[in-house]
Structures are given as structure tokens and as C-alpha cells.
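Asks: Please see the structure below; I have some questions.
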Amino acid sequence: MTAPHDPLDDIQADPWALWLSGRTRTALELPHYRRAAVLVALTREADPRVLLTVRSSELPTHKGQIAFPGGSLDAGETPTQAALREAQEEVALDPAAVTLLGELDDVFTPVGFHVTPVLGRIAPEALDTLRVTPEVAQIITPTLAELRAVPLVRERRTLPDGTEVPLYRYPWRGLDIWGMTARVLHDLLEQGPG
């Protein structure tokens with residue numbers, strides 16, 4: 001007996017793939033910033049869950065912050081390769097379990113990172129195989145509907161050059177999702193399907 005066909009198995013029917021193919025990506029040129037990538041992994045469900053981590057308090061930077069799996073690019077590595085490698089290192093996500101859809105808009109951080117978010121889909125069962133590593137204190141998987149329902153906090157920050165940038169915060173189940181992670185989530189929640 002074969003399993004019923006899941007329409008999201010066909011990448012052309014995936015609403016996130018369709019959304020991504022119909023938009024123009026913003027790529028930044030920031031030669032003095034350190035390159036990094038994160039994996040924005042959404043489950044293949046009617047109300048997708050997004051894979052996030054709570055960073056370990058033992059790390060030298062961004063202790064306890066909520067983040068997508070990700071990190072700096074190694075020499076010769078593409079953002080997609082880095083995002084998949086980091087997700088495997090941080091939460092043991094098998095790269096073969098990820099259906100890659102493409103890159104989202106580049107973002108930068110005030111501490112000098114130029115980040116490329118890479119959008120991918122995973123089966124809900126893939127979440128059962130994840131595990132916490134020394135870099136991660138906890139794995140969290142809020143649904144997009146849950147994040148859309150929380151009261152979004154909007155702030156503005158002035159950078160040293162005088163540029164004002166928006167800051168977003170998503171208070172979710174006693175956790176504070178903010179910074180670059182909240183910015184990428186904001187773009188997904190405001191512009192993406194659903």
C-alpha cells in the first residue's frame with residue numbers, strides 16, 4: 001500500500017515556493033561585514049512550524065537569544081551550504097531532509113554580520129530527529145499562526161551612521177524573539193502566504 005500523495009511533496013505546488021518565485025530578492029553588498037547564513041526551516045503542514053533555537057548561555061556571543069540555526073560562512077562556502085551545515089551541527093538536522101526553496105532577502109546586524117536567510121521545507125517528522133547540542137539550550141517550533149497572533153512590538157534603532165532601522169519583537173510563551181531573527185520572521189509573516 002502506498003501513502004497518499006502529499007501535494008506539498010511537489011515543490012511547484014508549495015505555496016512558499018510559489019511566493020518565493022514571484023518576488024525579487026534583496027541582496028546586499030556589504031564588503032566589510034562578516035558573511036553568515038541561517039536556515040529558515042518550515043514544516044510541510046497547513047500551519048507550518050518554524051525551527052528556532054535558544055542559544056546556549058555558554059556561547060561567547062548572543063547567549064540565550066532565539067535564533068535560526070546558522071552561522072558564519074566557511075571559506076569557499078555558499079550561504080546554502082553554510083545554513084545546512086550549521087543546522088546539522090546545531091540541531092542534528094539531516095541536510096537531506098530539507099527541500100531547499102531559495103534565499104530570502106539579505107539582512108545585516110549592528111555587530112557587523114551580513115546574513116543570507118535560506119528558506120527550506122521539512123517534514124513534520126524531521127522535528128522528532130532533532131537534538132540539542134552544546135551550542136543550543138532548547139529547540140522551539142512555534143507555528144506561523146501562533147507568531148501572527150502575538151502582539152508584535154515595533155521599535156526603531158538609529159545606527160551610528162544615522163540610518164534608522166526597524167526592530168521587531170515577538171513575545172512568545174515567555175520568550176522574546178527579537179533582532180535579526182524577528183526581522184526575518186516579520187518579513188515571512190507579513191509578506192508570505194497564509
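Using the three backbone atoms N, Cα and C, a Cβ is placed for every residue, glycine included.
Quick caveat, the model's predicted, so the values are computed rather than measured.
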Asks: Among 5-26, 49-70, 71-92, where does Swiss-Prot put the label motif 'Nudix box'?
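Replies: Going through 5-26, 49-70, 71-92 one by one, Swiss-Prot gives motif 'Nudix box' for 71-92.
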Asks: Please name the residue among the binding-site residues E86, E90 whose C-beta has the most neighbouring C-beta atoms within 10 angstroms.
Replies: E90
Asks: Over the motif 'Nudix box' (71-92), what does the predicted model average in pLDDT?
Replies: 95
